[in-house]
Amino acid sequence: MDQSSRRDESYHETHPGSLDPSHQSHPHPHPHPTLHRPNQGGVYYDSPQHGMFQQPYQQHGGFHQQNELQHLREFSDSHDNAFSHHSYQQDRAGVSTLPNNISHAYGGSHPLAESQHSGGPQSGPRIDPNHHPHQDDPHRPSEPLSHPSSTGSHQGTTHQQYHERSHHLNPQQNRDHADTISYRSSTRFYRSHAPFSRQERPHLHADHHHEGHHAHSHHGEHPHHKEQRHYHGDHMHHHIHHRSPSASQLSHKSHSTLATSPSHVGSKSTASGARYTFGARSQIFGKAQSRESLRESASLSEGEDHVQKRKKAQRAHKKAHTGNIFQLLWEKISHLLLGLQQMILSLTQSLGFETFIFIVVCLNTVILVAQTFTELEIRGEWYFMVLDSIFLSIYVLEAVLKLIALGLEYFYDPWNNLDFFIMVMAVLDFVLLQINSLSYSFYNHSLFRILKVFKSMRALRAIRVLRRLSILTSLHEVAGTLSGSLPSITAILTLMFTCLFLFSVVLRALFQDSDPKRFQNIFTTLFTLFTMLTLDDWSLIYIDNRAQGAWYIIPILMIYIVIQYFIFLNLVIAVLVDNFQMALLKGLEKVKLEQAARVHEKLLDDSLTDLNKADANAQMTEEALKMQLIEGMFGNMTVKQRVLHFQFLQLVAAVEQHQQKFRSQAYVIDELVDMAFEAGDDDYGK
C-alpha cells in the first residue's frame with residue numbers, strides 16, 4: 001500500500017465517524033482521488049452549516065480524472081481561521097472548467113455532469129438518468145488508479161476497499177469527523193466561498209442516512225472534502241440533511257470546494273466571501289464575548305452580594321451569639337446572686353446568728369463598764385482597743401449582711417436603724433482614734449473635736465441587748481409598750497417643758513436679787529426648777545429666800561411642784577401603765593384569738609370529716625339503709641322474735657289504716673249532717 005493509502009487509513013482511524021456503517025457491503029468500487037488537475041471540476045461539500053450539494057456524475061470502472069483545485073489564499077493558522085464559505089453566486093452561475101467527456105483508462109467514457117447547487121433557492125436536485133453507469137470492465141481491487149492529467153499519481157484505493165475500511169467505523173466517530181478536521185499551516189488551496197442558507201440538501205444513497213460518507217481528507221498538502229451522488233446499479237441513495245449554523249461549526253465544518261477556473265473574478269469572489277465570513281465570525285464572537293462578559297459581571301455582582309449578605313449574616317450571628325453569651329452570663333450571675341441573697345437572709349434570721357450577736361453585745365457592754373475604771377483602762381488600753389476593733393468589725397459585718405439580705409427594707413425596722421446608728425458612731429470613734437495616733441494637730445481640728453462628742457454614744461450599744469433579748473416574751477412586751485407610749489410621753493413632756501419655761505421667767509423676775517446664785521439668768525433658773533422635780537433641796541431654797549425677805553416664794557414653789565410633779569410626771573406614769581395594760585390585753589386577746597382559731601380549725605376539720613361521712617352515707621342505697629336500721633334496732637332479737645315483731649307491726653299498721661278510713665268517713669258524715677241542718681233552717685225561714 002502506497003503512502004497515500006496509508007495516510008487515508010490513518011485519517012479514518014483518527015476520524016472513524018466520517019462514514020456511515022450502513023454502506024458496509026457496498027458492491028461497487030470507488031476510487032479515492034488525491035490530486036486534481038487545474039481544469040477539471042468535481043465538487044464535494046460536507047458541511048452541516050451549508051447542507052449538501054449535488055455532485056458531478058462520475059463513471060465507475062475507469063480512471064477518475066478530476067480538476068486540480070487552484071489555491072486562492074494562504075492561511076497561516078488554518079485550524080482557527082479555516083472557513084471555506086463558497087460563493088453562492090458562483091455556484092448559481094455553474095462556474096466549472098470540467099470537460100464534458102474525459103477518456104477512461106478501461107475504454108469507457110466518463111461523462112461528468114456540470115456542477116450545480118443541490119437544493120438551491122431556484123433549482124432543486126437534478127438527477128441524470130445516465131449517471132454512474134457501469135461499463136464493461138469493473139474495477140479491480142488490485143489495479144492502480146491514476147490521474148493522467150495531474151502532476152502526480154498515487155496508488156488509489158478501490159471503492160470496495162474504501163467501503164470495507166470506512167464502514168466499520170463508529171457512527172458517532174463519523175459525526176465527529178467534521179468537528180476534528182485539522183489543517184496544516186503550509187496548505188495552500190483555492191476555494192470558492194458561498195454563504196449557504198439553512199436549507200435541506202438531498203443526498204441520494206440507497207435510503208441510508210449517510211453523513212460525510214465520502215468526506216475524507218488526503219493527509220498530504222491539500223485537504224479535500226467531497227460529497228457525491230452515486231448510482232450503483234438500480235440503487236439510488238437519497239438523504240436529506242438538516243443543519244443549523246453555529247460559530248464552532250462555521251470554524252470547523254464548512255469546508256467545501258467548488259472547482260473554478262483561475263480567474264480574477266473567482267479571486268474577488270473568494271476574497272469577498274472570506275471577508276464576509278470573517279465579519280460574521282467577528283460579530284458572532286463579539287456578541288458571544290459581550291454575553292459572556294455580561295454573565296460574568298452578573299455572576300460577579302451576585303457573588304459580591306452573596307458575600308456581603310453572608311458577611312452581614314455572620315456579623316448578625318456574632319452579635320446575637322455575643323448577646324446570648326452576655327445574657328446567659330447575666331442570668332447565671334443573677335441566679336448566683338439570688339441564691340447568695342437567700343442564703344444570707346436565712347443566715348441572718350437563724351437562731352445561731354441571733355445568739356452570737358447577743359453574746360457579742362453582752363461582751364461589749366462588759367468592756368464598756370470595765371473601761372470606767374481608771375486603773376483597768378490604763379493597764380489594758382491596748383487590749384481594750386483590740387477588742388473594740390473586733391466588736392466594730394462584727395457590727396459592720398452584721399450591717400452589711402442584713403443590707404444584702406433585706407436591701408432597703410433594712411431601714412424599715414426601728415431597731416435596725418438604732419443598730420446602724422450605733423455602728424456609724426463606732427466607726428467614727430475608730431477613725432478618730434486612728435487620726436489621733438497619726439497626727440495630734442490634725443486631731444485637734446474643730447471638726448474632729450465635734451465628732452469626739454459622739455464617742456460617748458458607745459453606751460447606746462447596751463440597748464442592743466434589749467433588742468437581742470427578744471426571745472424573752474415579757475421583756476419584748478415591755479419594749480413594745482415603751483415604743484408604743486412614745487407619742488403620748490412626748491406630748492406630756494412638751495407640756496412640762498412649757499410650764500417649766502413659764503415658771504423660770506416668773507421666778508427669775510421675782511427672786512433675782514434675793515437669790516442671785518440660783519436665779520441669776522434663765523438657764524440657771526431652768527436648772528434650779530428642773531432639780532426641784534425630784535423634790536430635793538426645795539426647803540433650802542425657801543430658807544435662803546426667806547432670810548433675804550422673800551417669804552412669798554413658798555406658794556409659788558408649791559404650785560410648781562403640784563403641777564410638774566404630781567400632774568405631769570404622773571401622767572407619764574399613767575400613760576406607761578395604760579400602754580402596758582393595753583399590751584397585756586392585746587396579748588391575752590391574741591392568745592384567745594389563737595385558741596379560737598385552733599378551735600375553729602378543729603371544728604372545721606370535724607365538719608369536713610362529717611361531710612365526708614355524710615357523702616359516704618349518701619352513696620349507700622335505700623336497702624342498705626333499711627338493713628342498717630334493722631340491724632341497729634333489732635340486731636339482738638332472735639329469728640322468732642323478729643317474725644312476731646314483724647306481725648305486730650303489720651297489725652299496728654292495719655289498725656292505723658282502719659282508723660284513717662274511719663276518720664275520713666266520719667268527716668264525710670259530719671259534712672252531710674251540717675248540710676242537712678243548713679237546708680232545714682233555710683226552708684223553715686221561708
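Yeah, the Cβs are placed from backbone N, Cα and C, and that goes for glycine too.
Just so it is clear, the model here is predicted, and its values are computed rather than measured.
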So, N436 and D515, same side of the membrane or not, per Swiss-Prot?
yes
Chain residues in Cβ proximity to the topological domain 'Extracellular' (511-521) (below 8 Å; excluding those fewer than six residues from its ends, i.e. six or more beyond):
528, 541, 544-545, 548-550, 553
By DSSP, how many residues in the topological domain 'Cytoplasmic' (405-412) are helix, how many strand, and how many coil?
8 helix, 0 strand, 0 coil
Residue numbers, six or more beyond the limits of the topological domain 'Extracellular' (535-551), whose CB comes under 8 Å of its CB atoms:
510-511, 513-515, 518, 528, 557, 561, 565
Can you tell me the mean pLDDT for the topological domain 'Extracellular' (511-521)?
87
With Cβ-Cβ distances below 8 Å as the criterion, list the same-chain residues six or more beyond the ends of the topological domain 'Cytoplasmic' (405-412) that contact it, or say none.
341, 344-345, 347-348, 420
Would you mind listing the long-range same-chain contacts of the topological domain 'Extracellular' (374-382), meaning Cβ under 8 Å and 6+ residues beyond its ends?
none
